[in-house]
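Read through the structure below, which is laid out as structure tokens, and then see the notes.
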Amino acid sequence: MTHQTHAYHMVNPSPWPLTGALSALLMTSGLVMWFHYHSTILVLLGLLTNILTMYQWWRDVVREGTFQGHHTPTVQKGLRYGMVLFIISEVFFFAGFFWAFYHSSLAPTPELGGCWPPTGIHPLDPMEVPLLNTSVLLASGVTITWAHHSLMEGNRKQMLQALFITISLGIYFTLLQASEYHEASFSISDGIYGSTFFMATGFHGLHVIIGSTFLAVCFLRQLKFHFTSNHHFGFEAAAWYWHFVDVVWLFLYVSIYWWGS
């Protein structure tokens, strides 16, 4: 191995960005095939390649950061900037969905009956499952902060407990959201209301699944003693992401469920 005289990580060539992009193409094309032709082959193939890519890419990052020591303070600083920029890009993603919702709801067209919700749409009661979902996500925000503080204080047992509770709450939220979708009287094809509702809440639901997976990886890593009180950027990034998901849900709840109904 050559001697390195700088603090930066020269990343080796990796196939995972390419396989990840291909899996994303398969999943999006597969969703179109599933929605229009009721064929699940492509979307399942996309999910499989995505899971395989995710596993191997995460394995490489863990190997580089934990076992090879490539994640120096300078590299960690760069990773932090990267995560912040990624979350900002996600904010703009959701801004587009909120824009579509408010554009349609603040000045409803005659085709919608000149009112919001549109004529014939029976919105979900914001005081039932959506309120429970809000409580679940707010509680998970508390438990992830508890996990972070426990890690900083070197309390491994409490960190694992808090992280497990957070992941469980994330899974519970996903199940509640799935049951809500199943029971909704309208679908994604029911005009602009159905489109904006399912696109915004569905995209948020996808982020909850991604965040839960991220936290589950952190849980497994903590079981193997990968984190210390001063070297745990993987967990820190997951916690930031989870707080972002929390905040987006509050905006969704107030805008789409409460005001929009």
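Placement of Cβ uses the backbone N, Cα and C atoms for every residue, glycine included.
Helix, strand and coil residue tallies for the topological domain 'Mitochondrial matrix' (1-15), in that order: 0 helix, 0 strand, 15 coil [DSSP]. Taken from Swiss-Prot, the feature topological domain 'Mitochondrial matrix' covers 1-15 (among others), and the record attributes it to similarity to another entry.
Within the chain carrying the transmembrane segment (16-34), a Cβ under 8 angstroms from the stretch's Cβ atoms is held by residues 40-47, 49-50, 52-54, 56-57, 60, all 6 or more beyond its ends. The transmembrane segment feature in Swiss-Prot is assigned to 16-34 (among others); the stated evidence is similarity to another entry.
Positions annotated as topological domain 'Mitochondrial intermembrane' by Swiss-Prot: 35-40 (among others).
Per Swiss-Prot, transmembrane segment is recorded for 41-66 (among others), and the stated evidence type is similarity to another entry.
Summarising the annotation, Swiss-Prot assigns topological domain 'Mitochondrial matrix' to 67-72 (among others). Within the same chain, residues 7-9, 79, 231, 233 sit at least 6 positions outside the topological domain 'Mitochondrial matrix' (67-72) and bring their C-beta atoms closer than 8 Å to a C-beta of that stretch.
Sequence annotations record features per position, and here Swiss-Prot assigns transmembrane segment to 73-105 (among others) based on similarity to another entry.
Sequence-remote contacts of a segment are chain residues at least 6 beyond its ends whose Cβ falls under 8 Å from one of its Cβ atoms, and for the topological domain 'Mitochondrial intermembrane' (106-128) they are 180, 184-186, 190-194, 253, 257-258, 260-261. If you look up Swiss-Prot, you'll see 106-128 (among others) marked as topological domain 'Mitochondrial intermembrane'.
What Swiss-Prot records for 129-152 (among others) is transmembrane segment. Tertiary neighbourhood of the transmembrane segment (129-152): same-chain residues 158-159, 162-163, 165-166, 169-170, 172-173, 176-177, 179-180, 208, 215, 222, 227, 229, 232, 235-236, 239, 242-243, 245-246, 249-250, 253, 257-258, selected by CB-CB distance under 8 Å and a gap of 6+ residues from either end.
Long-range contacts of the transmembrane segment (156-183) within its own chain (CB-CB distance under 8 A, at least 6 residues past either end) are made by residues 124, 129-130, 132-133, 136-137, 139-140, 143-144, 146-147, 150, 198, 201, 205, 208-209, 211-212, 215-216, 218-219, 222-223, 225, 242. Per Swiss-Prot, the feature transmembrane segment maps to 156-183 (among others); the stated evidence is similarity to another entry.
The topological domain 'Mitochondrial intermembrane' annotation in Swiss-Prot covers 184-190 (among others) and rests on similarity to another entry. For the topological domain 'Mitochondrial intermembrane' (184-190), the DSSP counts in helix, strand and coil order read 0 helix, 0 strand, 7 coil.
Annotated transmembrane segment per Swiss-Prot: 191-223 (among others), in sequence order.
Remote same-chain partners of the topological domain 'Mitochondrial matrix' (224-232), defined as residues 6 or more beyond its termini with a Cβ less than 8 Å from a stretch Cβ, comprise 62, 66, 71, 151-154, 156, 218. Swiss-Prot lists 224-232 (among others) with the feature topological domain 'Mitochondrial matrix'.
According to Swiss-Prot, the feature transmembrane segment maps to 233-256 (among others). Within its own chain, the transmembrane segment (233-256) has Cβ neighbours under 8 Å at 61-62, 65, 71, 76, 79-80, 83-84, 87, 90-91, 94, 98, 101-102, 126, 130-131, 133-134, 137-138, 140-141, 144-145, 147-148, 151, 166, 170, 196-197, 200-201, 204, 207-208, 210-211, 214-215, 217-218, 221-222, 226-227, counting only residues six or more beyond its boundaries.
Summarising the annotation, Swiss-Prot assigns topological domain 'Mitochondrial intermembrane' to 257-261 (among others) and lists similarity to another entry as the type of evidence. If one looks beyond the topological domain 'Mitochondrial intermembrane' (257-261) by at least 6 residues along the same chain, the residues whose Cβ comes under 8 Å of a Cβ in the stretch are 101, 105, 116-117, 123-126, 130, 197.
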Secondary structure of the topological domain 'Mitochondrial matrix' (224-232) by DSSP, residue by residue, totals 0 helix, 2 strand, 7 coil
In the same chain, residues at least 6 away from the ends of the topological domain 'Mitochondrial intermembrane' (35-40) whose Cβ sits under 8 Å of its Cβ atoms read none
